[in-house]
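Per TrEMBL, these features apply:
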- 1-10: compositional bias 'Basic and acidic residues' (COMPBIAS)
- 11-26: compositional bias 'Low complexity' (COMPBIAS)
- 538-548: compositional bias 'Polar residues' (COMPBIAS)
- 208-570: domain 'Sulfatase N-terminal' (DOMAIN)
- 1-31: region 'Disordered' (REGION)
- 529-548: region 'Disordered' (REGION)
- 46-63: transmembrane segment (TRANSMEM)
- 69-90: transmembrane segment (TRANSMEM)
- 97-119: transmembrane segment (TRANSMEM)
- 125-146: transmembrane segment (TRANSMEM)
- 158-176: transmembrane segment (TRANSMEM)
Amino acid sequence: MTSEKEREFDAAAAHAEADASDAANDGGKGTASPAATGAIPRGKDVFGTVWLVLCCVFMLTMLASGFNFFPLVGLVLSLVASVAFVVRTAKDRPAGLYLWVSFLVIYGGTFLYFLIWGADSFGKRLWWNLVLIAGPVLLAVAFVFLRKVFKGKALKAAAFVTLALMIATTGIYALFMNLRARPAVDRMWEGHDAYLSSVASAKRGASPNVLIVLMDDMAYADISAYSYLTGKTPTINTPNIDSIAENGVIMENFYAASPVCSPSRFSMLTGRYSSRGYLDNVVFPTTVESTPWSPTHFLNPYQFLYNVDGILGDEITFAEVLQAAGYDTACIGKWNLGDYGEYLPTEQGFDYFYGSYYVNDMTPYNWVRDTGGGYPGGASHEEVRSHAENLDQSESTRLFTDEVLGFLSSSAESGNQFCAFYTSPWPHYPIFSDNNGGGKGDTSDDSYIDCIEEFDRELGRILDYLKTTPDARNGGTLYDNTIVIFTSDNGPGREGAAGALRGRKNTTFEGGMKVPCIASYPAGGVGGSANSSVTVTETDGTSRTSPTLRVTSSSMNFDVFTTVLSLCGIKNDDGSVYLPSDRITDGADLSALWKGETDPDASVHEALFYQKKGKVQAVQLVKVPVETENGTEYYDFKYFDRVQTENSAFIDQYYNNYLFNLDTDPIEGYNVSMVYPEVADKLAAALEAFRREMKTNRRGII
């Protein structure tokens, strides 16, 4: 048997012979190791062997699981292989057959992944990925044959250039990779289709119109109708928003289901916690931009993990239900729940959409008119304002108002019921106003106030139209027969006031999730049992006082789904709301509260859970009995087992075992877990039970 030293000697002799041959062929001008400059060497390569096995296992895992963050990891692996090529070349070491094959395995696996799991059309998946992988794959193949073209120093230089191009084209692939993939979650299409096909037979009673106005990052203290809660003179006058509360309802303890926009909007549309749809954070654009400085298409795979790029198509929205009941439906403004396929508003129950799929600080931020779903760029999609045109957003409020009025007028003329979901981009940063009609964004210090007051004026145009247009179907005016709901998706962002409440947007403290909610439906009895009054102050200083119903019961914006269905007569024979039977609906029916048929503080939920980025951070239990000197008292308590401080000076600190009595301490100023240890234990148990439910049955399938 040949000894180890003999094998080493033979290998060295072979290298020396090869080097001498290269030197002769190069005319004695220089030498270079063929193994280091393109030849695939024989012999052991432990690192290359291990790396190849790792890449093969990774590729099979990627193809089997379907998760679209794996291709990103694969590109990192291919970059490691490329860098290893460079290092070995620089040290005149063999490049390695196994390392070279591993590079091709990753690219071949990624190409197969998108053919199998991609969400775009097969043709697009094929040609797009072929174009992107052509560069690095062809360069890898060329690397092997460099010795047939170059010799000596030129060979080594060519090897370095080829490897540099391999790394560069891999980087280009990363920047322009289309990561859209089919969701890897349990689907509920059968129940979705069966429920919607049965809605028409469940329609009973009145068929009011619906107008839901959803603001972006607006605190309840930004509305003058809520100024009584702060005890201060309102900074911003909002007479038209306030007017909805005249003979209507003001909700004092109404919460967004999330402290950021996309999950909160999901909950309002579906009546469910956003975690049930794997939508835990803000949805980012999936489009591949020409600039490498806006690679937002990486973010959804990173934060959602299950290929979810928005609101899943098998979720049931109030728009789908009303559409199935014969309503004209439209979404106008900001969507932020997905930008292709099943995630588009026209695939979620809206007959048409006008606005942007994105947030006004994202790239791209263009507006489209969509009348048929599918994919942007198709026949039903028309871009109406480009990203460049929207660099100045000062005309947004007027243009969206015009579009809402056009939809309402068209629907009224056709004699159909309408459901208009007006999702304003304001007052999300960057803030624009029309500069009192002067156009161009107002950059003064009071632009936030101008933005909201301008929105209020434009909303007045919509309300005036409803109040002055006869309702041919029901008599009276359209306003009399329209459910009008005004609210916000979460608490204030960079500006705005949450009163004395603790926290702001992106925190699960009260300031991040308690939002305004005002509702009206005169013909339906909403606000008919007034228990207080609202003062509406016009911009000219005149004011009027009108009756209103103040509701103190705790509720969340997923209650909008159930309440709208109830008021629109989507009911069972026993009068309860007709809901899907294949899934959990978290929303409660608020109609009895809104009509004054129950006590304004009557409980509609035993518990409300505060979620952020997929984590259940806190729980509120309502009407918890506590023994006091005066007997048994009932309080609403809120509990965090662990929460990060909102104080930027101590951002690395966390609070543990925090309990607040929201009735006596709505600003969450004092931890009373030591005063009420049994209450803290009870809420901690409820928190853990819900977390377990989210793990074992996240989608809430019944």
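Glycine is treated like the rest: Cβ placed from N, Cα and C.
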| field | Chain residues outside the transmembrane segment (158-176) and at least six past its termini with a C-beta under 8 angstroms from it | value | 36-38, 72, 75, 78-79, 82-83, 85-86, 89-90, 103, 132-133, 135-136, 139-140, 142-143, 146, 149-150, 288, 292, 295
| note | In DSSP terms, the compositional bias 'Polar residues' (538-548) comprises 0 helix, 6 strand, 5 coil
| task | Give me the mean pLDDT over the domain 'Sulfatase N-terminal' (208-570), rounded to a whole number. | result | 92
